[in-house]
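Per TrEMBL, the features are:
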- Y118: active site, O-(5'-phospho-DNA)-tyrosine intermediate (ACT_SITE)
- 89-150: domain 'Spo11/DNA topoisomerase VI subunit A N-terminal' (DOMAIN)
Amino acid sequence: MNASEDKEEIAFEDLFLRCNNERSHKQDIFIGQNSSNIREYLIVKIEEDIINMIRAISNHQLGTSTYSLQNQCFSRKRRKAITSVQDYKSFARYLRVLESVYDALVQDTVITKRAIYYGDVELFGSQKVVDQIIEEVAANYRVPRHSLNIAAASKGLITGPMSIYLKDGTVLHCHCNPIKPVEGEPSTGLPVLIPSEGRIKSIQCDARLVLVVEKEVG
């Protein structure tokens, strides 16, 4: 047995979770917690985990493991050490996303998944890679994505008797206010870009009917 085999391999769950409690406790950790408490918790945990990762790397103990995104609990059935260039690249990608999450939490701002991708296109290679890593980070810390202060790019428009109140104090009025039409053309309204769920505090709606128009891009 060589020296490298004598060292205990530390897997991602040990680096990112550092939690030996029962699964039921893991799932209940944020029940009753407000967004401020979760944000503070994540900042502290990420700082601790980065220190643990640095120590593991310096001792050549860094490893990976598999886990289930469905219940956001790690599986200890399979584990492999980071040994190839691709493994290190995957780890670098994870750290890059974790850095973006940490910055967003510290600054208490919301960033989009698209912004993270364009922050290092060469490293990530595709938006799909970023999206998957974000889900991994959320699973590692057992929180929904919006608790990481990461949002998908706003998509879709809404118009009608509705007001959307955002957490930053902004109020989006979606009422169909007519614009002065061009002669010979019908009047139009001012649709509102639908914000991400993590930004919404409350919604006031007087609509009696909702019509959804979906455009599927083939």
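Backbone N, Cα and C atoms are what each Cβ position is placed from, and that goes for glycine too.
Across the domain 'Spo11/DNA topoisomerase VI subunit A N-terminal' (89-150), DSSP assigns 48 helix, 3 strand, 11 coil. Restricting the average to the domain 'Spo11/DNA topoisomerase VI subunit A N-terminal' (89-150) gives a pLDDT of 91. For Y118 (active site, O-(5'-phospho-DNA)-tyrosine intermediate), the Cβ neighbour count at a 10 Å cut-off comes to 12, with all displayed protein chains included.
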